[in-house]
Structure formats: structure tokens, C-alpha cells
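Colleague: Copied straight from TrEMBL:
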type     : residues : note
DOMAIN   : 1-356    : domain 'Major facilitator superfamily (MFS) profile'
TRANSMEM : 6-28     : transmembrane segment
TRANSMEM : 67-90    : transmembrane segment
TRANSMEM : 102-122  : transmembrane segment
TRANSMEM : 173-196  : transmembrane segment
TRANSMEM : 208-229  : transmembrane segment
TRANSMEM : 241-262  : transmembrane segment
TRANSMEM : 268-285  : transmembrane segment
TRANSMEM : 297-318  : transmembrane segment
TRANSMEM : 330-347  : transmembrane segment
Amino acid sequence: ISRPSLYIGGCVIAWGLTSALTGVTHNYGGILATRMFIGLPEAAFYPGTIYLLSRWYTKKELAFRSCILYGGLLISNAFGALMAAGILHGLEGARGIRGWRWLFYIEGAITIFIGLNSMWLLPDYPHNTRWISPFERQLAQARLAEDAGEADQDNDSDSPWKGLLMALKDPKVILFCVMNASQLLGLSFVNFFPTLAATLNPNFSTTIALLLAAPPWIFATVTCIASAWHADRTGERYFHIAGWWWAVIVGFIIALCTMNTAGRYVSMFLMAIGYSGFAMTLVWVSNVIPRPPAKRAAAIGLVNGIGNLGNLMGSYVWKAEWGPEYHQSMIVSLVALALSTVLALVIRQLIIRDNKKLDTDERAAMEGADRTRVEEAARLEGITFEQAMERRKGFRFLY
């Protein structure tokens, strides 16, 4: 895709349009159809935006920027609940239209408006963005070349299919896929968060439950961005991801031990901040698989796509008949996050092993380099090929 601004903007417009059309459905089949089709543009959006960010920011800048993006999703969980509370309460029956239909019309229209504007506000890649100067274009490319020791570009032989095959052959990509699926199974409570808020007190109305669901996500947004800022400052990845899963596990343990309103509400805050770890997952994938871009794009897509099987499984974990305690649901989710922790630790050890190999054998760094991309990096940075190869020796993976 040569113009990601049009691609991503188009996905957002299609996403909003499909969401708005949910409001005109009149039966189960209609709702099922819109839910099926809304997944197509939605699936393209998040990995596409993470990949685009990785084409502009270095490995120690990417986490913070990506988590600002992901913070938009977290804060939407808060304000989406507040909007839903206001619309369902204030527009029920307005002009003879049910409140839930108004909810889809209004939110879908807002999404379409944002998508139309993003098509000309978003950049494309550093080499073809229309509204930056030639100096800025070269600077953006040189920064990434210096960061990895190679130019951030595909060679003629680096086709999307080759990138996909390279990603599938990399054991770290497979581990990331399983880890992400396990992680999203553990975090699948997100789809039932208002339901969990309603279990705090059987006397709470739908409006009160939606209002109570908002503060944990506001707290999670702040936590997510602060964690990512610190992760970029330190270059550390594993504990900035897995550490938040451990907070969710503590939240599950609290909820398993009590039905006290205050205790369960505290546990919801701990559950919500678990998404601070998920927000860093594709960033870590991008850091570990920097070149060629075709492989990085395929890896991001695979990890995101296969990982969403965790959400699919999660929809069967939070059964209504297990409420209001949801003990079985929380135990399954807790075990899934424990598995994610182990898999992330294995990935971390593999990266440490690779870095030690680079530390002890300079030839390993040279053998892993692509001559064409190193030559392009030398041209962009205004240095000789030999100097570019020396810089390439200093490249290390983040863990």
C-alpha cells in the first residue's frame, strides 16, 4: 500500500459506516451481518497504524507514540460508556427511534467524519509524504537508518509474500502469536466490562453501571502512556508488558475472594491497566523484527490477527450463567495470563541469546546485514559504506 493515509482513512470510514448501519437492522441476521463486516476494516486499522508509526519512529521512540494511539482506544472505553449512558437515557424514543439505534447512528457518524479528515491529515511514508520538505524527508529516513544500521526499505526481492514466509519461519513470531492469543484471552473481560460493573450492586441501573465503567479506563489510559514513556527511556520491554498482566492477576484474585462492592471495584481498576501491556505488544514485535519492512509488516499482522483468537475464545469464557461472581471466567483468564508470562519470558531469553551472539561475534552483525540497505543507509546519513557497517555492529534488539 503506497498511500497508507488513504488506506487507513478508508478503513475508518468503512468502519464508521458499518457501525451506523447496525442501527437500521431489524433482526438477528442483520446484526450478525454488520458484526461480520465491521471486522474487516477494524482488523486492518490497528496493525496498519502500528506499522505506519514504525516507519517514522526509532525503536526507543515507538512505544510512547504507539501508546498515545492505543490510549485513544482505552479512553474511548471510558467516554464510550459515558456517551452510551447519555444517549440511551436522553434519546430513548426521540423521533420514534430507540436509544440504542441513536447510539450507533451518532457514533458511526463521528467515526466517518474522523476518517474523512484523516485521509489528508495523516502522513504516508517518509519517502512519499506530500507535505514535508526534501530535507525533512531525508532526515526521517536517515534517523531510521541510523537506528537499525540499515535503511528502512524493502529491496526488489522483498515481496509481501516473501516477508510473510520469513515471518512464519521465525520462531519468535510464532511465540508472539501464541502469547498474544493467550494475553487477549486473559484480557477478554473488556467486552463484558459494563456487565462486571453491574455486578457491583444488584440495585445499580444500566446508566449507573455505565458511569462506573468509565473511571478504570481513564486510569488505564494514564498508566499506559506513562509506562510507555518509561519503556522508551529505559529500552526495557518484558517487564513493561508482563508486569501489567500481574496486576490483572492480582485483580482477579481480589474479585475471586470477595463480592464486596469496594473490593470488586478496585479489582476492575487493576484489570483495566492490564491493557498497558497489550499496547506494548506490537511495539515489541516491531523492535525485535526491524528489517526488512516486508517481514516486519507480516509479523505485526500475524501477531495481531492470530492473537485475536484470544478474544474469540474469551466470548465463550464470560458466560452469563457464571455471573454475577464469574469465578470460572476469572480463573481461566488468570491461567491464560500466567501462560502469556511464560511465553514472553521465553521470547526475552531468545533475544538475550541473540544479543550475546552479537556481542561476542562481530561477524554475526555483519552477516545479518543486507548490503543494499546498508548502502542506502550510508547515502542517507552522508557517510561511507565502511562507516555504515561499523554502525551496524552496534545494533541490538530490545528485550
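Including glycine, each Cβ sits where the backbone N, Cα and C put it.
Curation does not apply to TrEMBL; its annotations are automatic.
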Colleague: Taking residues 6+ outside the transmembrane segment (102-122), which of them lie with a CB under 8 Å of any CB in it?
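Modeller: Long-range Cβ neighbours of the transmembrane segment (102-122): 4-6, 8-23, 52, 80, 83-84, 87-88, 91, 94.
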Colleague: Which whole number is the mean pLDDT over the domain 'Major facilitator superfamily (MFS) profile' (1-356)?
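Modeller: PLDDT averaged over the stretch: 90.
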Colleague: So, taking each listed stretch (6-28, 208-229, 268-285, 297-318) in turn and counting its Cβ pairs to the transmembrane segment (241-262) that are under 8 angstroms, which one gives the highest count?
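Modeller: Maximum Cβ contact count belongs to 268-285.
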